[in-house]
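Asker: This structure is in structure tokens; I'll ask about it shortly.
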């Protein structure tokens, strides 16, 4: 995992997304994302394909999402903003808690994700 641009908190708190996060993800995300580097960008694309959509609006882009479990402990979701500055091999994970504090994570730490494929369309 690595530090991001600090933009996640801004977008997570926008009302255009917040109500949909509560409805579709089942939680109110902590303002910020955990950026997870994935060695193979093709893995990211495979996860992203068929992911459900959270609608943007008012100049904000749509966001695809897939529910996941981080380190076997924290339920959350991987977000795929259609407008992003991240390179392809980076996943943005959100959860209802501050993940760095809750799991005592630092830049460079390795994390695991269990992907919930039940909402992914083929």
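Cβ atoms here come from the backbone N, Cα and C positions, even for glycine.
Sharing the record's features from Swiss-Prot:
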{"type": "BINDING", "residues": "4, 5, 6, 7, 8, 9, 97, 98, 99, 100", "note": "CDP binding site"}
{"type": "BINDING", "residues": "33, 35", "note": "Mg(2+) binding site"}
{"type": "BINDING", "residues": "84, 92", "note": "FMN binding site"}
Asker: State the count of C-beta atoms found within 10 angstroms of the C-beta of residue 97 (CDP binding site), not counting that atom itself.
Answerer: 14
Asker: When you measure from the Cβ of residue 99 (CDP binding site), how many other Cβ atoms are you left with inside 10 Å?
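Answerer: Cβ-Cβ neighbours of residue 99 (CDP binding site) within 10 Å number 23.
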Asker: Take the C-alpha atoms of residue 35 (Mg(2+) binding site) and residue 97 (CDP binding site) and report the distance between them in angstrom, rounded.
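Answerer: If we compare the Cα positions of residue 35 (Mg(2+) binding site) and residue 97 (CDP binding site), the gap is 15 Å.
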Asker: Rank the binding-site residues 33, 35 by how many other Cβ atoms lie within 10 Å of each Cβ and give me the one with the fewest.
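Answerer: So among 33, 35, the binding-site residues given, the one with the fewest Cβ atoms within 10 Å is 35.
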Asker: What's the CA-CA gap between residue 99 (CDP binding site) and residue 33 (Mg(2+) binding site) in angstrom, rounded?
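Answerer: Rounded to the nearest whole number, the Cα-Cα distance is 9 Å.
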Asker: Around the C-beta of residue 92 (FMN binding site), how many further C-beta atoms are within 10 angstroms, looking at every protein chain?
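Answerer: Excluding its own Cβ, the number within 10 Å is 23.
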Asker: Would you kindly give the Cα-Cα distance separating residue 33 (Mg(2+) binding site) and residue 92 (FMN binding site), rounded to the nearest Å?
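Answerer: With distance taken Cα to Cα, residue 33 (Mg(2+) binding site) is 6 Å from residue 92 (FMN binding site).
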Asker: Which of the three DSSP states, helix, strand or coil, fits residue 97 (CDP binding site)?
Answerer: coil
Asker: Give the distance between the Cα atoms of residue 33 (Mg(2+) binding site) and residue 97 (CDP binding site), rounded to the nearest whole Å.
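Answerer: Counting only the Cα atoms, the answer is 10 Å.
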